[in-house]
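Novice: Pasting the feature list from TrEMBL:
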DOMAIN    1-107  domain 'p53 DNA-binding'
BINDING   Cys42, His45, Cys101, Cys105  Zn(2+) binding site
Amino acid sequence: CQLAKTCPVEIRVSREPPKGAVLRATAVYKKTEHVADVVRRCPHHQNEDSVEHRSHLIRMEGSQLAQYFEDPFTKRQSVTVPYEPPLPGSEMTTILLSYMCNSSCMG
């Protein structure tokens with residue numbers, strides 16, 4: 001994924017989730033020795049941004065219903081959006097994510 005470029009993610013479910021279900025996206029480091037570390041956006045890119053949730057690495061695009069969270073105990077950040085069934089003729093629901101930093105950021 002490129003910095004701040006929208007990336008479609010397709011979700012397929014085996015059965016319809018219960019009413020009120022949400023999809024949650026959270027970043028986790030791939031290496032097992034870092035999996036418990038909180039993934040954060042670099043200070044440089046945070047300071048360039050003016051939105052309320054500027055510290056979040058992952059942004060949900062195309063939905064006014066996206067909600068941003070930070071767990072008070074683990075400090076892990078996430079974004080949720082209500083589950084919507086696939087459009088007619090499709091088997092998958094598509095959500096649009098943007099990643100607001102790269103692993104190569106100076107911060």
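Glycine is no exception: its Cβ is also placed from the backbone N, Cα and C atoms.
Note that TrEMBL annotation is computational and uncurated.
What you are looking at is a predicted structure, and each value in this text was computed from that prediction instead of being measured.
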Novice: Out of these binding-site residues, Cys101, Cys105, which one has the fewest other C-beta atoms within 10 Å of its own C-beta?
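Specialist: Output over binding-site residues Cys101, Cys105: least Cβ neighbours within 10 Å is Cys105.
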Novice: How does the domain 'p53 DNA-binding' (1-107) divide up by DSSP, counting helix, then strand, then coil residues?
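Specialist: So the counts come to 9 helix, 31 strand, 67 coil.
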